[in-house]
Amino acid sequence: MTQRLYIETFGCQMNERDSEIMAQLLGEHSYVQTNKPELADVVVVNTCSIRGKAAHKAYSCFGRYKKLKEKHHDFILAVTGCVAQQDGTALLERMPYIDIVMGPQSIYTLPSLVAEARRSKKPQVATELSADFVIPPFLPNLAESTPHKRFITIMQGCDNFCTYCVVPYTRGREISRSFTDILGEATHLVAQGVKEITLIGQNVNSYGKKGDAAQNKSFPELLRAVAGIDGLQRLRFTSSHPKDLSEELMRCFAEIPVLCPHFHLPVQSGSNRILERMNRKYTIEAYLDKAARLREYRPDIALTTDIIVGFPGETEEDFAATMQVVETVRYHGSYSFKYSDRPNAKAADFPDKVAEAVKSERLARLQVRQEEIALELKQAEIGKSVEVMVEGASKAPANQWSGRTGGNQIVNFSCDRKLVPGDLLMVEIESACQNSLRGKMI
Ligand code: SAH
Ligand code: SF4
Ligand code: F3S
């Protein structure tokens, strides 16, 4: 009998991809997805724990699903992802109505855990994190929908232990996925009509360093292999650690035509003192040098970043150094956050915490300046012709479409022709606003 599945996903692309995998696995056991949780037989909440706020969001939604359980005696509530890994059985103590608590390494066992929870009427916990974990072979099934762009997970976990970060504890040791499996998945996707692939992992540019499955291939070698698949039109990747950005990877931007001119290079702070306390393993000088060299290889490359403000011990002078990096690099975009204490992360024990009001004020100052720069960079596109990949039709008015440039900027444009997501076309940019460009098809 067909059952209904509702998945709520928080957090990064790794979680988004894991949710797709879980949906496919349950799909193979006659589950169809619904967008109405009240109709679901199984609800999966795939959680994120990166900052206190993210974890809080997850916690606050469990209560809503409790009510569903009271109405439907066979209903299963599964909590997966990084909060599940981090809190494990403690989650069950606080919320005994949860049926399954499962960490990121266990997603492939979801169907059997659901069956066991139903059969035994007992909560199931799967939060082992093994250093010998092997990402199992898995081929996406696109039978129901063929989206034009897809993520491919190329690695799991992280060994960098930045002192603010929970990921090494929630995703476990860094492990590369099999080179053959990645290439197989990419080939399969392109054969089914996928035009754009994004290779994802916590630290993709260290691909191949951990785990035999990578078959001694480096990240640049993987990029070149995937780029060589006939029919692939755009290739992207995220996220990268500046310390692992090699000259060989930079060269890829000059030599691989389908590799999009966009690099997300999280800087976190502009102060060497803070970078050291964060355990980032690079200096700001080395970072800026790499950013400049990337632009030598690919002058039109769009750089984006992540920044933490108010890390313990951050002085006004340290923060000024971060503001200076924003001026120097001129990022096309940035994700910036107030520092947040996380369980297990070393910085939670640092004594010199920055006051909340100071963090808020610095974050606001940073974001105002970053937005000005991002707008200036968009305005500089006016009059240029750019290649856009169609994402879909705008809601209104008619003949309006939306797409993305190689640099990942949103472009809204008019075109009388019927387009489909994944089409590539040239658009002349006529105006710019904070979050998007506007133009007309050439
Ligand atoms: N692996 C990626 C980052 C994943 S987390 C990388 O290294 O680039 C995404 C971003 O969240 C980080 O880059 C950082 O800016 C932010 N972040 C992580 N932990 C945080 C914390 N405790 N407080 C505030 N921001 C945090
Ligand atoms: Fe976290 Fe640092 Fe690993 Fe990124 S590199 S996931 S910030 S520990
Ligand atoms: Fe969040 Fe886990 Fe991703 S903490 S950012 S879902 S790796």
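For all residues, glycine too, the Cβ spot is worked out from N, Cα and C.
Source: prediction; values computed, not measured.
Taken from TrEMBL, the feature [4Fe-4S] cluster 1 binding site applies to Cys12, Cys48, Cys82. Taking the Cβ of Cys82 ([4Fe-4S] cluster 1 binding site) as centre and 10 Å as the limit, one finds 27 other Cβ atoms among all the protein chains shown.
Reduced to three states, the DSSP call for Cys162 ([4Fe-4S] cluster 2 binding site) is coil. Around the Cβ of Cys162 ([4Fe-4S] cluster 2 binding site), the same chain contributes Gln268, Met278, Asn279, Arg280, each under 8 angstroms and 6 or more positions distant in sequence. Annotation comment: TrEMBL describes Cys158, Cys162, Cys165 as [4Fe-4S] cluster 2 binding site.
Annotated domain 'MTTase N-terminal' per TrEMBL: 3-119, in sequence order.
Annotation source TrEMBL lists domain 'Radical SAM core' at 144-376.
Summarising the annotation, TrEMBL assigns domain 'TRAM' to 379-442.
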Between Cys158 ([4Fe-4S] cluster 2 binding site) and Cys12 ([4Fe-4S] cluster 1 binding site): CA-CA distance (Å): 14
Whole-number Å value for how far Cys165 ([4Fe-4S] cluster 2 binding site) lies from Cys48 ([4Fe-4S] cluster 1 binding site) (Cα to Cα): 12
Candidates near ligand 2 among the binding-site residues Cys12, Cys48, Cys82, Cys158, Cys162, Cys165, judged by a Cβ under 6 angstroms: Cys158, Cys162, Cys165
Whole-number Å value for how far Cys82 ([4Fe-4S] cluster 1 binding site) lies from Cys158 ([4Fe-4S] cluster 2 binding site) (Cα to Cα): 13
Whole-number Å value for how far Cys165 ([4Fe-4S] cluster 2 binding site) lies from Cys82 ([4Fe-4S] cluster 1 binding site) (Cα to Cα): 12
Binding-site residues near ligand 1 among Cys48, Cys82, Cys162, Cys165 (Cβ under 6 Å): Cys165
In sequence order, those binding-site residues of Cys12, Cys48, Cys82, Cys162 whose CB lies under 6 Å from ligand 3: Cys12, Cys48, Cys82
